[in-house]
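Right, one structure below, let's go through it.
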Amino acid sequence: MEEGFRDRAAFIRGAKDIAKEVKKHAAKKVVKGLDRVQDEYSRRSYSRFEEEDDDDDFPAPSDSYYRGEGTQDEEEGGASSDATEGHDEDDEIYEGEYQGIPRAESGGKGERMADGAPLAGVRGGLSDGEGPPGGRGEAQRRKEREELAQQYEAILRECGHGRFQWTLYFVLGLALMADGVEVFVVGFVLPSAEKDMCLSDSNKGMLGLIVYLGMMVGAFLWGGLADRLGRRQCLLISLSVNSVFAFFSSFVQGYGTFLFCRLLSGVGIGGSIPIVFSYFSEFLAQEKRGEHLSWLCMFWMIGGVYAAAMAWAIIPHYGWSFQMGSAYQFHSWRVFVLVCAFPSVFAIGALTTQPESPRFFLENGKHDEAWMVLKQVHDTNMRAKGHPERVFSVTHIKTIHQEDELIEIQSDTGTWYQRWGVRALSLGGQVWGNFLSCFGPEYRRITLMMMGVWFTMSFSYYGLTVWFPDMIRHLQAVDYASRTKVFPGERVEHVTFNFTLENQIHRGGQYFNDKFIGLRLKSVSFEDSLFEECYFEDVTSSNTFFRNCTFINTVFYNTDLFEYKFVNSRLVNSTFLHNKEGCPLDVTGTGEGAYMVYFVSFLGTLAVLPGNIVSALLMDKIGRLRMLAGSSVMSCVSCFFLSFGNSESAMIALLCLFGGVSIASWNALDVLTVGLYPSDKRTTAFGFLNALCKLAAVLGISIFTSFVGITKAAPIPFASAALALGSSLALKLPETRGQVLQ
């Protein structure tokens with residue numbers, strides 16, 4: 001028995017030695033071959049190596065990427081399978097063999113020479129005699145990328161457009177809808193939250209800007225990571241961060257913690273736009289890309305409509321609240337914040353059913369995973385179209401040469417946090433290097449011009465869209481002030497005031513032995529008045545002040561008449577007992593003004609629907625650049641009419657007009673950005689440009705709102721000049737219509 005075992009072991013060792021020698025000679029012959037493509041994209045025939053004219057004992061296999069073109073060669077080479085018993089590192093079983101995945105002839109782990117050097121043209125290997133992997137020229141890498149782009153486009157056409165893309169459309173639409181909701185949340189809750197959190201004007205301003213700052217950080221962070229870790233994975237993480245901190249923000253009581261939660265919520269949702277557009281574009285064929293990316297933009301509008309409708313339906317219902325002592329209050333506006341997290345939560349659940357982008361897999365040398373995803377796309381669409389018998393004929397997909405960038409650490413090296421720290425630093429270095437490559441010689445001009453277009457459009461758009469509601473509120477305040485009633489020189493004695501006084505000015509009045517019980521004062525001013533032996537009890541006030549008044553022997557019991565409401569006034573022998581608890585600041589709370597904010601936002605977001613439809617239908621017909629420049633010019637012209645907006649209704653109409661014509665330029669800009677950068681830089685560049693967009697939004701909002709109530713002469717020229725500059729820069733960018741995705 002032992003002798004038989006030894007003979008068998010010796011036989012196996014001998015067979016392995018022979019196999020190694022055969023592989024060594026075959027590899028030497030293959031290295032001399034030419035890595036070429038034979039009419040790959042018109043005849044769907046891909047040939048990896050040319051045969052030599054001399055003695056060719058091992059004919060090169062036909063590496064065509066469709067089934068049936070290399071069947072004979074595969075049958076001839078079937079006896080030389082690597083799946084042999086007792087195989088070692090040089091004879092590994094192909095890792096996808098047991099999953100039914102076609103073997104990738106470039107990029108496979110098992111394709112090595114006997115001395116350990118990779119084959120020519122294989123991922124990480126030599127190419128056309130250029131030397132070691134680190135010496136591969138950028139021209140060769142660009143050639144590989146162009147070949148992959150053409151091949152990938154042909155495969156997407158075979159997969160078709162159908163149920164899979166529409167399912168992904170609605171899933172990613174939820175993520176984009178969550179971004180649209182996030183922009184409006186803080187603006188809608190401020191009229192109610194300012195009372196609960198006792199917010200000053202500076203606090204409210206910071207709360208309004210913190211969301212944009214968070215989205216700016218998130219866009220750059222998640223955009224860079226998505227090119228290294230994957231679109232789906234980073235989108236799941238970013239949406240999870242958004243939903244978790246949006247949920248927490250609805251329960252926290254203090255201003256600081258609420259501000260922190262909204263900041264991190266903005267960081268989470270910041271990754272939505274750059275990842276969603278890049279992710280969806282990599283499942284769309286060239287003839288469908290512009291149109292369907294434009295349809296996807298509609299979900300941002302739907303998010304704004306959803307937020308406005310929920311605010312209108314929830315916030316005014318004060319009964320939807322509860323209180324635990326005087327320290328914890330949960331009012332209806334917190335319910336609204338909670339409801340606004342639903343799109344993000346639903347997007348997370350739906351996204352778990354979707355695969356990663358196959359283009360990302362191919363860019364990272366993961367042929368097997370990419371093939372399985374593309375097969376899933378093909379089979380899903382064919383079944384939905386009633387052709388389940390159609391077979392996915394792709395057998396080989398080209399992968400890009402990969403450089404060794406990751407730092408591997410053995411599990412027994414250092415502590416776990418040291419290993420994670422090194423990996424995090426390595427990943428951060430890769431992300432930063434990828435970002436800097438966007439400013440390399442090949443993409444520097446495009447990136448700088450895109451920065452100009454994104455900045456100018458965002459500066460004018462966000463600045464004007466926030467300036468519009470502020471101008472409407474200013475016009476409302478002017479109209480309200482014009483209806484103020486003035487009561488000069490009145491003398492009142494022994495009268496009990498137990499009703500509401502609103503929008504009144506009392507000048508030079510004298511009040512003796514009067515009682516103010518259960519009185520509500522709203523926008524009331526007492527000037528140069530005398531109060532002697534009066535009694536104030538259970539008085540609530542807003543925007544009420546006593547200027548240059550004198551109080552003698554007067555008692556204030558359970559009122560909210562705090563010290564700052566007495567401007568240059570004298571109090572002689574007057575007493576304050578049991579002042580009301582709560583915010584000592586003067587806030588307006590909810591009311592007609594809050595309803596107007598919801599209504600204006602609802603109309604403004606709904607007004608972009610026609611622009612969305614037109615841009616989707618014409619995007620692939622007239623091109624991205626014409627759409628972008630034309631919409632920007634129309635927006636610039638619409639700014640001219642702002643000078644004639646002197647009433648509330650006129651300003652609302654102009655807001656709808658501006659939003660309707662400017663949305664097409666945003667859609668075109670999103671589609672253009674996706675097509676200008678290659679797949680390994682797409683989300684990084686998109687994230688950086690979107691972060692710049694949020695920075696411009698902060699600057700635009702700060703500058704434009706400072707002119708509210710002063711003049712319209714400054715904001716309108718600013719916006720018009722920015723839009724004109726952006727449209728002129730856009731015309732100098734390359735057109736991406738009719739081009740395959742890089």
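Positions of Cβ are set from backbone N, Cα and C atoms, glycine also.
Record features, source Swiss-Prot:
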- 1-169: topological domain 'Cytoplasmic' (TOPO_DOM)
- 1-57: region 'Interaction with SYT1' (REGION)
- 33-144: region 'Disordered' (REGION)
- Thr84: phosphothreonine (MOD_RES)
- 122-137: compositional bias 'Gly residues' (COMPBIAS)
- 191-205: topological domain 'Extracellular' (TOPO_DOM)
- 227-233: topological domain 'Cytoplasmic' (TOPO_DOM)
- 255-262: topological domain 'Extracellular' (TOPO_DOM)
- 284-294: topological domain 'Cytoplasmic' (TOPO_DOM)
- 316-334: topological domain 'Extracellular' (TOPO_DOM)
- 356-447: topological domain 'Cytoplasmic' (TOPO_DOM)
- 469-598: topological domain 'Extracellular' (TOPO_DOM)
- 620-626: topological domain 'Cytoplasmic' (TOPO_DOM)
- 648-651: topological domain 'Extracellular' (TOPO_DOM)
- 673-690: topological domain 'Cytoplasmic' (TOPO_DOM)
- 734-742: topological domain 'Cytoplasmic' (TOPO_DOM)
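Mean predicted confidence for the topological domain 'Cytoplasmic' (227-233): the pLDDT average there is 91. Residue counts for the topological domain 'Extracellular' (255-262) under DSSP, helix first, then strand, then coil, are 8 helix, 0 strand, 0 coil. DSSP places the residues of the topological domain 'Extracellular' (648-651) in helix, strand and coil in these numbers: 4 helix, 0 strand, 0 coil. Non-local neighbours of the topological domain 'Cytoplasmic' (284-294) in the same chain are 153, 156-157, 161, 165, 169, 277, 612, 615-617, 619-620, 624, 667, 670-671, 674-675, 737-741; each lies 6+ residues outside the stretch with a CB under 8 Å from one of its CB atoms.
Same-chain residues lying 6 or more positions outside the topological domain 'Cytoplasmic' (673-690) and placing a CB less than 8 Å from one of its CB atoms are 145, 215, 219-224, 226-227, 231, 234, 270-271, 273-275, 277-278, 281-282, 289, 293, 359-360, 363, 400, 431, 434-435, 437-438, 443, 446-447, 450-451, 454, 624, 733-734, 736, 739, 741-742. Look at the topological domain 'Extracellular' (191-205): DSSP puts its residues at 11 helix, 0 strand, 4 coil. For the topological domain 'Cytoplasmic' (673-690), the DSSP-based tally of helix, strand and coil residues reads 13 helix, 0 strand, 5 coil. Shown for the topological domain 'Cytoplasmic' (284-294): DSSP residue counts in helix, strand and coil, namely 9 helix, 0 strand, 2 coil.
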